[in-house]
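Quick look at what TrEMBL lists:
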| type | residues | note |
| --- | --- | --- |
| REPEAT | 111-151 | repeat 'WD' |
| REPEAT | 251-291 | repeat 'WD' |
| REPEAT | 292-333 | repeat 'WD' |
| REPEAT | 334-373 | repeat 'WD' |
| REPEAT | 374-415 | repeat 'WD' |
| REPEAT | 483-524 | repeat 'WD' |
Amino acid sequence: MFLQRDYLHWIEALSLLRKMSDGVFWMLNLEQLVTERRASPSLIDRTRDAYRFIQHHKATIEESPLQAYSSALVFSPVQSITRNQFEHEGPSWIETKPILEDDWNSCLLTLDGHEGSVLALSWISNDRIASASQDGTSKIWDISTSRCLSTLEGDGTPISSVGRLRNAELGFSLSDGRIWTWRATESNSTQTHSEHVLSSHGDILSFKDTVESFVAASWSSKGTLAFVDENETIWIRHFMHLARDQPLFSLNGHHRGVVTLAWSHDGRLASGANDGTIKIWDAVDGECKLSPSGHSEGIYSLAWSQDGQRLASASKESIIKIWNTQNGRCMAWIQGQSQLIRSLSWSPDGRLAGADGDTIRIWDSATGKCRSRLEGHTHQVWSVTWSEDGSKLASASRDKTIKIWDTAADQKQSHPWATVRESNPLPVIWNAFPVGDVHTLTENVSDVRSLAWSKDTEKLALIDGHNTIAIWNTITGELEKTLTGGGDDIESIVWSEDGTKLASTSGNRKVEIWDISSETRLGATLEDNSSENQIAWSGKFAEPETPSFVPNGSTRLKTYGIDSYGTWITSQGKRQLKLPPGYNIECLTILPERIGIGCGSGRVLTFAVSEDSSM
């Protein structure tokens, strides 16, 4: 009865009591308990879905408790038991919800708390992970509850690497050449061991090294730091028990800049350079043992297999090569996509994960075939790393988030909210009509900047990053017309009342009229000197629009909109629906019964809504 009747009420109460993390932990325990006791399949499925529901929507409900009945239901999978159980509790003003994927995807949770790009990750245990960010902080997270346990705060200097050392210590390198080691404790006290004053939970050792900045850095599991200075020299230094040692020695041999380093579990060091060369070093005597050759472009990432028998390297041409570390021979190669692969990581069972733009790919290293594609980040992924048992993969991104992925069951595609994209972001139209069809815009469309519905809602016009206006049929999903702009960036568009023309504004405040049937600009243009780059049709002409009015010639106030942060759908200025992470709004178009949202990731969502917005 609890899960069937009172579950959302309980989640709301947890949010009000600031106990959401505890709730996630309790639901995890409940799910594990019914599984271990071999309860009925229906009960196991019900508790598992309830756990994924609270885990996935934790951040949204923490911010706004009542979104348990709105955003959490709207943005849960179509077959979510919790969503369907409480369908009657959902927002009545949304007549047709976007159709999402059928079931929960592999993204277990998203950790959001850094103010800058997350640059590096290091697993502390199978349920705890440390992150390093461009905002100058490091955080330790409990992934079972999505809770941030500790935060190391510096002076704002970006932290470029993090590694787990012995005795529960963490090592960091900063972009300005400083090095920290930190032992996190349960207390709130801070002990500083140098002139650098920091605020944190734990003991910190911080000092300036002999370099002005780090080009690349990598920590070994034995407490050794390898780093490249601005003079392209590789240095090795030991850090043990919060004690400072002098650099052991430098490694020289590359002829062009070293950009990436990687340690094996047995203490060997691999380095990759801009000239496409790779070197494997003995970190004890500094001797270069192997120099595998075969890349024609610079090396951007390296990763050792768990047994140290293989080394994976990714180059600028998006080719991954797997090397035998005993003889230096290339064992296999994998062709990536058009993006640079910024990070590689081996699982214990030999799967290879790579950060390919904003997508993560998992390859079978034996066959070179892509086994999974994980999508959900909205910007470049900087780091990927497997948990010790290989059951989870963590990713860090420029979008300021960390995602934890369940990789126990490989899926060909695993992507939050069912947005299927390759290297070029392709908008997806979720048809808001009762039939609920889904259309993917399969042409080369990127960086959606503005949207506009035709009056009959059968056409959707959008401005993309190529400075063109694309007109799509929302019933068939086909591209019908393409209008090519001039040298000025097109910023907004609006349909005429009869749907035969479009008006557009550009950066120089010029208003241009387009004839849809002939796909040409009409001869007359109007100069718009107003401060707002918005237009509306009035009779036969296009003229500047007061932004708070519907762009169809009428003077009725818009009912729906978005808040100033672009994260809420509003009604008459009041917040109604929180958009989850990954739905950052780039542009918006509104009709009395339709809302169209263009997201930074390339998604296009449409909602069918009630014209009467009274709640």
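From the backbone N, Cα and C atoms, a Cβ is placed for every residue, glycine too.
The shown structure was predicted, so the numbers you read here are calculated from the model rather than taken from an experiment.
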Secondary structure composition of the repeat 'WD' (251-291) [DSSP: H/G/I, E/B, coil]: 0 helix, 21 strand, 20 coil
Contact call for the repeat 'WD' (374-415) and the repeat 'WD' (251-291): at least 3 Cβ pairs under 8 Å, seq gap 6+: no
Per-state residue totals over the repeat 'WD' (292-333) - DSSP helix, strand, coil: 0 helix, 22 strand, 20 coil
Within-chain partners of the repeat 'WD' (251-291) [C-beta distance under 8 Å, separation at least 6 from its ends]: 215-222, 224, 226-228, 232-236, 297-304, 306, 308, 311, 313, 315, 323, 325, 327-328
Tally of DSSP helical, extended and coil residues in the repeat 'WD' (334-373): 0 helix, 24 strand, 16 coil
PLDDT averaged over every residue in the repeat 'WD' (374-415): 82
